[in-house]
Structures are given as C-alpha cells and as structure tokens.
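Student: Here it is, the structure, as structure tokens.
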Amino acid sequence: MAESVELPSRLAILPFRNKVLLPGAIIRIRCTSPSSVKLVEQELWQREEKGLIGVLPVRDAAEATSVSPMLSPGVATDSGERSPRAPLATSDSHKLDGKNQQEIQWHTRGVAARALHLSRGVEKPSGRVTYIVVLEGLCRFSVQELSVRGTYYIAKISRLDMTKTEMELAEQDPDLISLSRQFKATAMELISVLEQKQKTVGRTKVLLDTVPVHRLADIFVASFEISFEEQLSMLDSVDLKVRLSKATELVDRHLQSIRVAEKITQKVEGQLSKSQKEFLLRQQMRAIKEELGDNDDDEDDMAALERKMQSAGMPPNVWKHAQRELRRLKKMQPQQPGYSSSRAYLELLADLPWQNASEERELNLKAAKECLDSDHYGLVKVKQRIIEYLAVRKLKPDARGPVLCFVGPPGVGKTSLASSIAAALGRKFVRISLGGVKDEADIRGHRRTYIGSMPGRLIEGLKRVAVSNPVMLLDEIDKTGSDVRGDPASALLEVLDPEQNKTFNDHYLNVPFDLSKVIFVATANRAQPIPPPLLDRMEVIELPGYTPEEKLRIAMRHLIPRVLDQHGLRSEFLQIPENMVKLVIQKYTREAGVRNLERNLAALARAAAVRVAEQDHTLPLSNDVHQVSTSLLDTRLAEGAEVEMEVIPMGVNNHEISNAFTNSSALVVDEAMLEKVLGPPRFDDRETAERVTTPGVAVGLVWTTFGGEVQFVEATTMVGKGELHLTGQLGDVIKESAQIALTWVRARASDLKLVASGNISLMEGQDVHIHFPAGAVPKDGPSAGVTLVTSLVSLFSQQRVRPDTAMTGEMTLRGLVLPVGGIKDKILAAHRYGIKRVILPERNLKDLVEVPAAVLSSIEILLVKRMEDVLEHAFTSGCPWRQHSKL
C-alpha cells in the first residue's frame, strides 16, 4: 500500500512538463536530456533496488496551460535541459530563468513515485543515452527547499497525504461517506456505459470494490483527457472531501460527453432512415404525377435510360429481362452497393446493337480486286480466295461462309487483308487481340456476381463499333493459353460455329446475343498450336513469305511512300534507288515478311530528316517571278511602285513545310550511306560456303514461326565411350531423328566404306557430338533427318558437303525419305541465302506448284526417295560407294 511507504526527507526531482502524475497512476517517461539522464544514472540505475523519486509538474510560462501535442495519457517526455539554480518563493508557483532564457514555472507540490521498470537504450555515436522509466505514483508531497546536485535537483519535502491512522478516522465522517457513495455511483454508471464499447472495463469494476475511495479518485481522473490546470487542481486537493467532489465532477462530465456522442450517432442514423423514407415518398410522388399527366419536362436519368432501352430494339425475351432489371433498379437507393453495377448492366443492354446493322453497298468484285491489288503486292492465291469469298457473299448475302484463318509468319499482311475485306464489303472493322489470353472470361465475360465484372471482348467490340454485322478480326488466335481460369480456345468453339453463335451467351449479359451476322476472320503464325476442334471451324489460308523480287516491289510501291509520309519528307528530299533497296533486302534483312525492311527504310528516312531539319530553307519562286534584292525593293517602295508578290499556301495539316520549302538538292542513298546508317552488312552470300569448309557440316532447311530458315548441322568426334551428345536447345523429336541418323550410319558403315573391313564398330573408342548453331532458339521437328545423316557421313568419310546445296526431309530407320511441310517457305529461305540446289523428298513434288516461278528458275530442285539418293547429290564427287551398297 502506498500509505505504508516511508518517504525520505530529501528526494531527487524529475521535472514533468505540462503533465501531472497522480497517486496510483502509472506513467512511462523517456529521459533524453543530460540532467534527467544523470538523475536516472545516479539515483536509480546504480542502485540494486528501484529507489524512490519525486515527480514535480513544471510548465512554460509562454505556453500557459497548453499541453504539448507530442504528449499523450500515460506517456510523457521529460522537459530537457534545466536551469542550474531554482530559488523558491512563497507562492505556489516559482519562476526560474533557464540557460535558453525561457521562463518556466515550478509547482511546489508533486508526487513521490516508485520506479517499476528501468531500461537503457543503445548509446548513439554522439554519446547520447536514452532511459525509459516506468513510474507508479505513491503519495503527494510538498517542496520545502530546492537545491542543485550536479545537473539535477534535490528537494527537501514533507508528506501531504494522511497516514493510515488518520485515514481510518476520516472515513467515519458522514459527509465523506456520502461523497464516497456519490462518486462510486457515478463511476459505476460510467463503467456500465463503457461496457458496451470496451471489453476491459471488467477489471475496473474490481477496483471499485478493492481500492479505497480516495485512491480511486486519483486513478479515475488520471485516465481522463483533462486540462493541465485541472490536473494541478486534483494534485493540490489534499483534503479528501474536496478531492472526491472534484473527481465526481470530472467523472460526471466525462459521462455526459459520452452520452452526447451517442445521441449524435443516433441522430445521424435517424437521418439515414429519413432519407430512405424520402426516397419512397418521391417514388410515390412520381407515380401520382404520371397518373395526373403532370410530368416535368426535364426527366431524370432513369427515364432517359428507359427511353434508350426502348429504342435499342431488343428481342422480346431480352426486353422482358431488361424490364425486370429496370424495375429492380428503380426500387434501389443510389447509395446501395449493387446500384452502380445494375445501372452499368442496363446501360450495356441499351448500347448493344441488337438490330442496328451497317448497310452493305452492292459488291463490285472488280473494285474489290483493285483494292486488294493496291494494298497488297503478290499473294495471288490468297487474294483469289478472298474474291471467291466476296463473290459468294454477293450472290447470297445471308450465306454462312467459312471462317477464314490467315496463317503465316509475321509481317506478311494478315491483319491488313482482314481490313481490306471489311473495306470491300463496306462494313465496320473491329480487331480483337487474343495473344496471351488465358482466361475464358475474356471471351464469355465474368458473371455479374463478382466485383468488377465486365463483358467479354466480343461484346465489348460490338458495343464499340455499334453495329451487329462488322468484320471481326480474331488476331493471334494461336497464342491463347489455358490455366485454372479456363480455356479461351474452347469458348471460341461456340463463337465460330454458325450453328451455335446465333444464341451466344455471354456470362455478363446472361441473355443470348446473335453473332451470326458477324464475319469472323482469324490470324495465326502457326496452325499447330490451335486445338483441332477449333481449327476444324476455320478454313486455313497460308501466307508464305515474300521473295526478294516481291519485297522490292512492295518497298517501292508501298513502304517507301509510307515511310516518307510518316517522317514528313517527300521524294525531293530523299531518294532510295532500287539497287539500294536490293542491297538492304539481301544484306540487312532475311525474313519472310517486310517489317525489318520497313524499319531499315525508316532509319534512312530519319537520317534524311536530320539533314533537312538542320539546313536553311529558301523560299522557291515561280519562273515568271524574279527575285528582288533588298535595296531595289526599298527603292521601289520609296517611289510608290507596285511590287509583284507570290502567295504560297501552307498545307492543311500544318505538319510539314515541304510544299513551301525545298532542299537545294535531294539526298540520294548510296552504299556509303547504307553502311553509315544501318551499320555493316548483317548477312553475306558467302556465309554458306565459309561454314561448309570442313567435313561434318551440312546445310538443312527448317520452318519456324517467322517463315523458312537455313539451319546448319555440325558434327565432330572425340575420344570417348561411343556416346552421342546433342546440343542446341533441341526438342524430343529432333533428338530422336539424331539417334535414328546415327543408327543408320553405323548400320551401313561397312557398305559405305566408312570403316575398314576388319573394324567391328564405327564409334569404338570415340564419342560423336552434334550441334545445331543458334543455341538460344528452340528447335524441333523431323525434317532434319536427312541433314543429320549427311553431316555424319561427311564426318566419318572426311569429305565436304557441297556449299551450294541444302536439304530437308524426314528419314526412316530403313533409309526412306518421307515428305515434310513448309516446302514453299523453305525454298524461299534457300533463295534468300543464295543456295542454288535444294534436295527435297520426291513426295513433296506437288508442293512446288505454290513456289513462284522466278524462284524455281533460279534453284535446282533434286527429288529423292532414299537416303542413298541424298548422299549422291550432297557431295561434289557424287557417291562413289553407292555401287558397294547392298540396298
């Protein structure tokens, strides 16, 4: 008990700024100033038992009774540096001049406290130390004399609280008993109110029954947010009656503030219910006005939405569903959570083109063909198929034609062909990108039960173009994926089936929508990744790469004019001759499409734009207008003569000044400029000959998503255990082809004279390593079988393969050469690399029809049936060991 504590005559004083510690309260103080740190170290830290310390309230005179905003109940910060002297006066408050000339006031009454917990912080590099002290107030004291000990204060004190004997006598006073009952009743009422909000008030009830009343007064008041003056008043209330009266007043005031807050809360809730009542009354008022025909001219948004829905032309079943949703929306408050989602749903229903369709102009096939020819060079077979498609649409507009799927490498014009179809039909064009889509909801939409739900891309596209019969391009349909969120390719089965897309059901709409009027066109780089059921819905039209001659014509007709226009140039500024375009095609681009070619031409245009922008422009004069010098012009004006002038109009777009200003000379691209702008040539026609200089290297032809490519196969031997090593990021199929090729060569080693007659094994004591260069590019497929065999035979026979020969074909274990795909792309790749001879499977003869005649005339095609025929054509000296073969 605090009453049994024996106080010493002198106590070290810890100043407590703008806060008051009351008996029974517990506070936590952070000591950081040198004076308070020294006090803690000498009075508390160095003693084994936690000693007593005096806490004396102080305040700044300039701040009056304001409390520092950094302080909070139960947590305080000491007052920092103190004055080295503190003279006492006779009044309750004494003034002291500090080092910083700041006037502070010391109170003569404080509270003796016991240190419950003491911790020392980490010493900072500056030498500063922080102490954390947890103090419990014990009893009041009065300061008789204040002196300085080092950097802190020592006070001579006298105890103010009554002793235990005096307290027992005072508790028998009837007035004190009455005040105690009143205080306990008020405190119990406060606890009952707080019980509904806090779960820790049960411990406070225990205090009412166990702690004396005079101690309860201090404990209760210490937990309230009261002013510094009121805290000092409680500290100065030594008399029990006065203390209980003040405590009862403070507790009652706190209770009343809580009740006022509850009353305000109930009033706010009542206003919310009142707004709901007003909403119902307004709905009734609107219904009454409609019956009386007294509607206002300015209708609200709900009426406008209803009119928009009525004019949307929804089918009967959809209109019935929309009316039901609209009635539900009218009954909702705008503040309700589902109001905005329901409103957005009805607006989508009103915006969809249920009956709105663009009128198709009468198809003119001749004009459509001219449009295709002007937009695309070459692609004769593809354009012919599009014309056939348009012809059927002309004869039978409601025909359910097939879904065209353009398959080909990047940059060959797949997307622009779909745009040309829309232009020829006079329909709007909308593009839906499916690259990287893995969520089925991107096609079918999200269900409206989810937060942030939205319709699928198809419905959004139709809403964007606002017609029900556009040409819709499903771009990159081969790049969809599937995961736990579903398979978008499976959702497209319903979209692309003319028997099912009449009643396409988007999860967000939840009503059927007719997609049968939409003309779907798809694009893909490869047909293999497309699931077979989805591929069955479409007619695949392959777009192979362009020949160098086609690239030249495309560049001269389309790319160069477009690049000049994009860079604000004209032919008077930049001229790119045909022979320079050929050099760019041969030495800087080896691709199936024309995108890299356009990028290189754009680089040349940028170099020309820098030159044009840097040089001074002169105003061109017509032939019949002579340039007048400044002196002559001034003379004529002085004489009042007429001056002939020519006005040159500026372009409408104001984005280029080439119509008004011209260069003194056009920039003509030559080889030096090509190498300066584009760098050294990336490709060389001698590449194949240089790489096939040693035995063990063969040239193959492969097909990739970027078109046909030339693939070198290198083989070598080393000391080992007869193992086969494969490198080059290879797939399982090409690894099996390598194993088949090695098995075939080892089985025919004696017949092909690759080993001496006495040897048993071709690979005895040595390993074979086969490498496919460009190891960062994944490779797979069976078409490298004949190339692998040729490389191994060249390695073991030490004879070089012809550098002008490339090959492709799948090989069986018995030596048969099977047909492969992508023949046109592979032959075009060989043509780009300057290869003159191509070995193909005999069963691929039919595929040569698709190869341009100009390419076939420059390449010798060698058709083979067996592996021995491949070896006969692959080596310069033929196959001298063929006559010894028993096959």
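Using N, Cα and C of the backbone, Cβ positions are placed for all residues, glycine too.
Curation plays no part in TrEMBL annotations; they are all automatic predictions.
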Student: Taking 67-99, 265-297 as the choices, which stretch does TrEMBL tie to region 'Disordered'?
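Tutor: Based on what TrEMBL states, region 'Disordered' spans 67-99.
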Student: Sort out the sequence-distant neighbours of Gly408 (ATP binding site) for me: same chain, 6+ apart, CB within less than 8 Å of its CB, listed by position.
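Tutor: Those within reach of Gly408 (ATP binding site), by Cβ under 8 Å and sequence separation of 6 or more, are Lys414, Asn525, Glu542, Leu543, Pro544, Gly545, Ala592, Gly707.
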Student: Give me the Cα-Cα distance between Gly413 (ATP binding site) and Lys826 (active site), rounded to a whole Å.
Tutor: 19
Student: Neighbour count first, Cβ atoms within 10 Å, every protein chain included; then name which of Thr415, Ser783 tops the list of recorded positions.
Tutor: Ser783
Student: If you skip the near sequence neighbours and keep only those at least six away, which residues in the chain come within under 8 angstroms of Gly411 (ATP binding site), Cβ to Cβ?
Tutor: Glu591, Ala592, Gly593, Val594, Arg595, Asn596
Student: Pick the one among the binding-site residues Pro409, Pro410, Val412, Gly413 whose Cβ has the fewest other Cβ atoms within 10 Å in this structure.
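Tutor: Pro410, out of the binding-site residues Pro409, Pro410, Val412, Gly413, has the fewest neighbouring Cβ atoms within 10 Å.
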Student: Could you name the residues, excluding Gly408, Pro409, Pro410, Gly411, Val412, Gly413, Lys414, Thr415, of the same chain that surround the ATP site, i.e. Cβ within 8 Å of the Cβ centre of those residues, in sequence order?
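Tutor: Apart from the listed residues, the neighbours are Phe406, Thr523, Asn525, Leu543, Ala592, Gly593.
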Student: Val412 (ATP binding site) to Ser783 (active site): how many Å between their Cα atoms?
Tutor: 24
Student: May I ask which residues of the same chain, at least 6 positions away in sequence, place their Cβ under 8 angstroms from the Cβ of Lys826 (active site)?
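Tutor: Sequence-distant Cβ neighbours: Leu701, Val702, Trp703, Gly708, Thr808, Val838.
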Student: Between Ser783 (active site) and Pro409 (ATP binding site), how many Å separate their Cα atoms?
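Tutor: Cα to Cα, Ser783 (active site) and Pro409 (ATP binding site) are separated by 19 Å.
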Student: With every protein chain in view, how many other Cβ atoms are within 10 Å of the Cβ of Lys414 (ATP binding site)?
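Tutor: That number is 25.
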